[in-house]
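All remarks here apply to the structure that follows.
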């Protein structure tokens, strides 16, 4: 068995020997003291140049430090090795020799300890966040705007996820219970569609209203005014604008996904398959949320910019972008215009699907879409 040889191989690999060739004992002592800093896995020994080359040739050492000192106290070092040497070790050796050289030159120039410490003192670097002098509350205003945007995104996600699934389930239930046959014979499909949309939005806004009343009540009952004064929050035109935009985007996002969910629900033949049918809607909801999570510190990321103009994602990602001053009012208006256009197209598609899919139990999804599009 060669266990002893294998063990010796790994021990030799782990513990390297380095020969130091220098005529200055102070340099050798300093390197020896700083051995853990230069190479913690190596052992150092002082030897002559010829002996060092012999040891390197017989692989008894890993490399050699040849260190010479010029008359002007400038240190020159050469590292000679067989296999390889890490760049970190070379850099640390250079730093240590630079310190020795600095000390030697300080003695040569007869510098006092105070002068040496003064030369070694690091420069002072401080950081300061820029704020517009015309807007003294800019940082506090930015924090308030971000808070409004993040809360709006969270509320929009929860409400949309809940009510879009509820809309699809209601339509699928009415279709399978034959109730829809009586509804569409007495009410226009578009009226029924928007009746459900507005009913679900009103239900969602009622919940938001209850939460708002609770917050306002706590504000006055438990002296919340002093808390806001300590936070130094000030409501101005920018904050009100962001709040209004958040309500608009909540309405747009909720409307878009509810209409899409109703289309999916009307095309679902079996009530048991409704969970699988609404899965694409849930995926569309989670994509912008994950984009926001991963880019919350960089709202102007290119991917966030692109998705802020895609109707199904823009209610979320544009809300993130309005927390920064880089977004322009024109980009917001374009984003809203695209979303409204998609809502109109979805409303048209939903009204046609009500007349064809609600009374049809065709299991072929592609065939159902063709019927809706090609219907006269």
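Cβ from N, Cα, C; glycine included.
For 10-351, the entry in TrEMBL reads domain 'ABC-2 type transporter transmembrane'.
Residues or ranges marked as transmembrane segment by TrEMBL: 148-172 (among others).
Residues 155, 159, 162-163, 166-167, 170-171, 187, 251, 254-255, 258-259, 262, 347, 350-351, 354 of the same chain lie 6 or more positions beyond the ends of the transmembrane segment (193-222) yet place their CB under 8 Å from a CB of it. Sequence annotations record features per position, and here TrEMBL assigns transmembrane segment to 193-222 (among others).
Look at TrEMBL and you will find 242-265 (among others) tagged as transmembrane segment.
The annotation transmembrane segment is assigned in TrEMBL to 277-296 (among others).
Taken from TrEMBL, the feature transmembrane segment covers 302-320 (among others).
Sequence annotations record features per position, and here TrEMBL assigns transmembrane segment to 332-350 (among others).
Most Cβ pairs under 8 Å to the transmembrane segment (242-265), among the stretches 148-172, 277-296, 302-320, belong to 148-172. Counting only same-chain residues 6+ beyond the ends of the transmembrane segment (148-172), those with a CB under 8 A from a CB of the stretch are 180, 196-197, 200-201, 203-204, 207-208, 239, 242-243, 246-247, 249-250, 253-254, 257-258, 260-262, 264-266, 268, 271, 274, 277-278, 281-282, 285, 289, 292, 315-316, 319-320, 322-323, 358.
Listed by sequence, the residues of this chain that lie at least six past the ends of the transmembrane segment (332-350) yet keep a Cβ under 8 A from its Cβ atoms are 189-190, 193-194, 245, 248, 252, 255-256, 259-260, 262-263, 266, 308-312, 314-315, 318, 322, 372.
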